[in-house]
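S.K.: Okay, here's the structure, questions in a sec.
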Amino acid sequence: MTARNLFLLPGDGIGPEAMDEVRKIIAYMNEAMNAGFVIGEGLVGGSAYDAHGAAISEDDMKKALAADAVLFGAVGGPKWDSVPYEVRPEAGLLRLRKDLELFANLRPAICYPALASASSLKPELVEGLDILIIRELTGGVYFGEPKEIIDLGNGQKRGIDTQVYDTYEIERIAGVAFEMARTRQNRVCSMEKRNVMKSGVLWNQVVTETHKAKYSDVQLEHMLADAGGMQLVRQPKQFDVIVTDNLFGDMLSDVAAMLTGSLGMLPSASLGAPDGKTGKRKALYEPVHGSAPDIAGKGIANPIAMIASFAMCLRYSFNLVKEADNLEKAIANVLDKGIRTADIMAEGAKKVGTVEMGQAILAEFKTLSA
Ligand code: NAD
């Protein structure tokens, strides 16, 4: 079997603790399922700065570029608050996103039935919620030029950001959304503001044309982004895949995330274009949470976001759909049994640490895979 090359960048704070639990799942898959994962490991963030004086070394960047997928923990912490701006911990993540050309950010919002009561919405609105927000990550108003503050000379200044999208940027993100929808409920909702923005008019046209040309088997709906935000908190279960631009995606994915409860539960993936030769996309998988310096080293971090990020990696980088389903089911079953880390603790549940949570999920995964 061909090797599956994974590059691990555990990072700082709780990153390494959470990554250790994924490592155990990988070891089991290699041993019991002959999965063929070949693991490389490097440093990123503060730990890379301490070792190399950079947020990621050139050698580790090369390894990340050569891997089939990168698993990223978290970076940052008070220890590195005053390091120079160019080598601050986050610079490592930004460099990876840029060099791997990761233009599509996938943020699932899954509400495990056992945690429905932890949501700020009524349990019946979120129980069983499973939506995927696809945010364009490398274009739009965060990067468009001109981007400046100019002095108008009359005591006034003007702040300018430019929202700009070219056809190819919209085509490729729409393509990712339609492809992902085919692996789910086959429905895409595209969100923009075509009523007030020219980039929204073009977004709408290009998504419609891409759909017609290549993906007409997928159900497509368009929604204005403000209405979409409202629908997300009114009736979130109506959505399957949502595709939107960088700015709206930034906000809508955070709204969707909070429907599901804790930060310790949320995985994400960032994907690039398919390789011309192999057809494989560059990919980086990471939990949404940061390095949580307040609990680092205490053995109490929730490893679920990291493990669920690995489940996304199995699904999207290696097409191991059954294994990904089983791993996600294992997480749900463990929560059903009332096993909880401190951040998602509920009355009557059993409180466990990072390692016990990892062990419980692995044990369930083994049972489901048997
Ligand atoms: P954070 O996500 O690290 O923590 C926010 C709160 O949530 C903390 O109270 C933390 O204990 C809790 N929390 C987060 N993940 C948890 C988990 N898995 N289990 C249990 N509790 C969890 O955000 P922050 O405190 O704003 O930032 C801390 C550091 O992380 C900063 O240096 C920040 O720059 C960095 N950061 C990194 C990333 C990344 O690596 N992608 C993302 C966000 C923040």
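For all residues, glycine too, the Cβ spot is worked out from N, Cα and C.
A TrEMBL annotation is a machine prediction, not a hand-curated record.
Bear in mind that the values here come from a model prediction, so they are computed numbers and not experimental data.
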S.K.: In TrEMBL, R97, R135, D226 are given as binding substrate, so which of R107, R158, R194 is in that site too?
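M.R.: Answer per TrEMBL: R107.
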S.K.: Determine the most Cβ-crowded residue among the binding-site residues A292, I300, using a 10 Å radius around each Cβ and all protein chains in the structure.
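M.R.: Highest number of other Cβ atoms within 10 Å: A292.
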S.K.: Can you tell me which of D81, Y85, R135, A296, our binding-site residues, come within under 6 Å of ligand 1 at the Cβ?
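M.R.: The binding-site residues passing the 6 Å Cβ test: none.
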S.K.: If you count other CB atoms within 10 A of each CB, which of R107, R135, K193 wins among these recorded positions?
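M.R.: Going through R107, R135, K193 one by one, the largest Cβ count within 10 Å is at R135.
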S.K.: Would you mind pulling the DSSP three-state label for R135 (substrate binding site)?
M.R.: strand
S.K.: Using all protein chains in view, find how many other C-beta atoms are within 10 Å of the C-beta of D254 (Mg(2+) binding site).
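M.R.: Around the Cβ of D254 (Mg(2+) binding site), 14 other Cβ atoms lie within 10 Å.
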S.K.: What other residues of the same chain, not counting D226, D250, D254, have a CB atom within 8 A of the CB centroid of the Mg(2+) site?
M.R.: A225, G229, L247, F248, G249, M251, L252, S253, V255
S.K.: Would you mind reading off the Cα separation of K193 (site 'Important for catalysis') from A296 (NAD(+) binding site), to the nearest angstrom?
M.R.: 41
